[in-house]
Amino acid sequence: MTFQLPGQLATQPTPFYYYDLALLDQTLTALQAAAQPGNFQVHYALKANFNLPILARIKAHGLGADCVSGGEVQRALEAGFAPDHIVFAGVGKSDAEINLALAADIFCFNAESVPELQVLNELAGGQGRRARVALRINPNVDAHTHPHITTGLDANKFGISLQDLAGVVDSLDSLPHLELVGLHAHIGSQITELHVFAELSAKLNELQSWLEGRGHQLPHLNVGGGLGINYQDPDAQPIPDFAAYFGMFTQHLARRPGQQVHVELGRAVVAQCGTLVSRVLYVKESQQVRFAILDAGMTELIRPALYGSHHHIQNLSSQGVALPYDIVGPICESSDTFAKGTLLPETKRGDLIAIRSAGAYGEVMSSGYNLREKAAAVYQ
Ligand SMILES: *Cc1c(COP(=O)(O)O)cnc(C)c1O
C-alpha cells in the first residue's frame, strides 16, 4: 500500500490536515474485533484528536470516551457518548471540571491523590451524589518510551505511588460520597515493547490481591492506553496489532469472574489516519545544508519540536533523484524542524509534502504562535 492524496485535494490551500476516514473505520473494526471476544471495554482518549467527525466514527463503533479535562467531558457528551461510557483522569481536575462531570453522572473518575479524593468527596456530597472512583496508581513500571511520554515511574507526577496506596485506601473510610470501583494505571504512550504490559499486569495482580485482603472487591480494572504505532513505515502497518496488545492482558492479568477490563487508547486509534499536507515555499541551499522550507511548521505539528519525534515525510510531486534535506517550517524558532538529512526526491518550490501518521497529538496541539491561522481539516 502506498499513500495517495485524493485527487480533489490537490488544489486545497495548504497546510491542511487530511483524515482518511476509511482507514479510521478499518482501524476501529479491527480494534473491536480484537477487544470484544475478551470482553474488553475500549475508551477512546479524546486528547489524541477531538474533531467531531472523528468522534462520530469512534462512537459509532461502540467505544467509550477517556477524558482529561472538563472541556473533553463536554465534547464527549456533545459527540453523543453516553455518560456511563465516560471516564475522567488527570492530576489537576478543577472544582468546576469535577462538578461538570458529577452533574453528567459519568461512569468513573480516575483519581490521582488524597487531596483530590477529598475534594471529589466534598463536591459529590454537595450534589447529593456518590462518585464512582478508580484509584490511578503509579506502578513504577518503565514503559521504555520517550521520557516526555513516560507516566508510570516514581519520578512522574501522575498517579498514587505504591508507598502511599495504603494511606489512600484507609482515607476512603472517611469519604462517604465516594465508591471505589476499580484500579487504574496509564504508564505512558507510544509503547512498542509489549512485555511492558505484562509487567503492568503483574503489578495490578499484586495490588488487586492486596486490596481484596482489605475487603475491597473491584468490579473494574483499567489498564490505560499507550499502544504505539509504526511511525517509521506507516504503509507497512497502517493498523496496529491490537490482537497482540489484548493478548498480553488476556494472558497476564488475573481477572476475577465478571470483572470488566477497560483500556484507553488514543494514538493507536487515530494516528495513522491523519496526514499533514504542506507545500514547499523555498529550497535554500548553503554549503552545509539543503533546507526545504514548508508552509507548515510546529504551529501545526509540534511533536518533532517537543519530543524529537520522527514522522515519515514524502514528496508527492517529484520523482527526481534523492537528495538529503533538512525539512523545516516557517516559525521563528530553530526547533521548528520536522527532520534533518531526510532523503527526498529532488524538491522544488510548490511541491506537495505529506507528513504522515499525524492524526494523534497533531492538530490538537496546534497553536496560533506567530499569529498563524489554524490549518483546515478535510475528511475523505
Ligand atoms: C493520554 C492518555 C491515554 C491515551 O494514551 P495513548 O498513548 O494515546 O493511547 C490514556 N489514558 C490516560 C489517562 C491518558 O492521559
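Any Cβ shown, glycine's included, is placed from N, Cα and C.
Keep in mind it's a predicted model, so treat the numbers as computed, not measured.
Listed by TrEMBL as binding pyridoxal 5'-phosphate are Glu264, Leu265, Gly266, Arg267, Tyr361; the candidate from Gly226, Gly297, Gly308, Gly329 that the record includes in that site is Gly226. Comparing the recorded positions Leu265, Cys332 on other C-beta atoms within 10 angstroms of each C-beta gives the minimum for Cys332. Only Glu264, Leu265, Arg267, of the binding-site residues Glu264, Leu265, Arg267, Arg303, Glu333, Tyr361, place a Cβ under 6 Å from an atom of ligand 1. Within 10 Å of Tyr361 (pyridoxal 5'-phosphate binding site), as judged by C-alpha distances, the recorded positions found are Lys47; the full candidate list was Lys47, Tyr307, Cys332.
Shown are the binding-site residues Glu264, Glu333; the one with the most C-beta atoms within 10 angstroms of its own C-beta is Glu264.
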